[in-house]
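Engineer: Quick one: this structure, given as structure tokens, is what I'll be asking you about.
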Amino acid sequence: MTLVTSLKQLLTGQSSRAGGATAKAWPGLVETYRSWLPVDDNTPVVSLLEGNTPLLRSPTLEKRIGRGVRVFLKVDGLNPTGSFKDRGMTMAISKAKQSGATAVICASTGNTSAAAAAYARRGGLRTFAVIPDGYVAKGKLAQALLYGAEVLAIQGNFDQALALTQDLAQRYPVTLVNSINPYRLQGQKTAAFEVADALGDAPDWLCIPMGNAGNISAYWMGFQEYRSAGLIKTLPVMWGFQASGSAPLVLGHAVANPTTVATAIRIGNPANREKALAVRKESRGRFASVEDGEILAAYRMLAGEEGVFCEPASAASVAGMLKHASKIPAEAQVVCILTGNGLKDPTTALDCDHANFHRNLAPEVDAVAQVMGL
Ligand SMILES: *Cc1c(COP(=O)(O)O)cnc(C)c1O
């Protein structure tokens with residue numbers, strides 16, 4: 001430990017004793033991976049101590065696949081605002097602030113606006129969020145509003161929102177913080193570092209949902225940087241999954257009216273298309289689509305059998321892995337990225353069929369015991 005960090009810990013009390021050992025508090029991903037990121041001594045780091053999310057083994061999925069395959073879930077919905085977008089936003093907002101910006105803008109299917117608002121407001125910047133009216137999950141909209149974003153709901157889809165936002169950012173003094181902003185991917189690549197740090201090498205397969213395809217590009221960048229530095233020996237095969245009603249990268253052309261229950265990936269014209277195609281090629285990966293029914297089945301299985309509540313878009317990674325399970329080599333290590341928290345979208349959760357929801361019961365022991373099957 002350097003003198004500076006121990007002084008910092010002394011001043012901020014960021015040090016605790018657990019089980020007799022000195023446990024060091026996680027200082028956020030910019031401080032942890034500082035030498036890998038484009039920050040300097042003058043960067044005003046805006047952080048909510050994002051990152052350091054669990055890499056959780058999934059016995060249910062391992063049992064289902066068999067052949068000694070090991071499956072891990074990167075539970076990135078446990079970030080401060082409930083999605084991986086926080087990783088990109090700590091960087092994008094810190095750099096916007098460093099450059100003297102006073103306002104940021106994003107187009108969003110929900111999570112970007114929540115993360116942008118939380119970090120921008122914490123950093124003292126205004127936030128404008130352009131969203132497709134009616135297609136943002138309730139929890140995300142609630143967050144953006146409460147975090148103090150000025151929410152501009154348009155009668156159009158995400159792709160139209162993004163085009164409009166890019167125009168606004170070009171003509172007015174507002175900084176764009178969508179994943180076209182290169183600092184976003186810089187922050188997001190730290191998730192690959194965390195996976196590699198936890199496993200000691202890259203996984204064999206990495207399964208991830210794709211919307212604008214920034215995150216798959218960020219993971220690939222992270223793994224490549226670690227390999228160039230000699231910290232890992234291998235690179236993963238990257239599997240990107242889209243919802244079948246919203247699968248421009250699988251189809252090879254833009255989709256004018258994307259549809260899917262997984263609103264976070266309801267994107268017909270991905271901004272990072274070229275980057276994603278390069279990832280597929282360089283990693284000898286695959287892009288494939290999954291039906292909404294398959295997404296929802298994986299979503300329910302993760303919560304109901306594994307105790308992990310992710311949002312529908314995130315479950316696309318697991319649905320895709322299961323669909324292509326026969327192609328996973330025996331004994332391989334697979335990581336599925338769970339990008340967002342299930343609490344973001346209570347509507348979809350409640351809209352599922354629930355045989356275990358017993359209503360209109362009389363407040364009497366006998367009546368309730370009967371329903372319990374006792
Ligand atoms: C943003 C988002 C995605 C898609 O990420 P891209 O970088 O746009 O491909 C997937 N899942 C969730 C929960 C998201 O918020």
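Cβ coordinates are placed from backbone N, Cα and C, and glycine is handled just like the others.
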Engineer: According to TrEMBL, N111, G211, N212, A213, G214, N215 bind pyridoxal 5'-phosphate; so which of T339, T347, T348 is the extra one listed there?
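Structural biologist: Among T339, T347, T348, only T339 appears alongside N111, G211, N212, A213, G214, N215 as pyridoxal 5'-phosphate-binding in TrEMBL.
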Engineer: What other residues of this chain sit with their CB within 8 A of the center of the CB atoms of N111, G211, N212, A213, G214, N215, T339, the recorded pyridoxal 5'-phosphate site?
Structural biologist: F84, S179, P209, M210, I216, A264, I265
Engineer: Non-local Cβ contacts of N215 (pyridoxal 5'-phosphate binding site) (under 8 Å, 6 or more apart, same chain)?
Structural biologist: F84, S179, Q188, A191, I208, I337, T339
Engineer: Look up A213 (pyridoxal 5'-phosphate binding site) in the DSSP assignment and report helix, strand or coil.
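Structural biologist: SS state of A213 (pyridoxal 5'-phosphate binding site) = coil.
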Engineer: Starting from the Cβ of G211 (pyridoxal 5'-phosphate binding site), draw a 10 Å sphere and report how many other Cβ atoms land inside it.
Structural biologist: 30
Engineer: Provide, as an integer number of angstrom, the distance between the C-alpha atoms of G214 (pyridoxal 5'-phosphate binding site) and K85 (N6-(pyridoxal phosphate)lysine).
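Structural biologist: Spelling it out, the Cα of G214 (pyridoxal 5'-phosphate binding site) and the Cα of K85 (N6-(pyridoxal phosphate)lysine) are 10 Å apart.
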Engineer: Going by DSSP, is T339 (pyridoxal 5'-phosphate binding site) sitting in a helix, a strand, or coil?
Structural biologist: coil
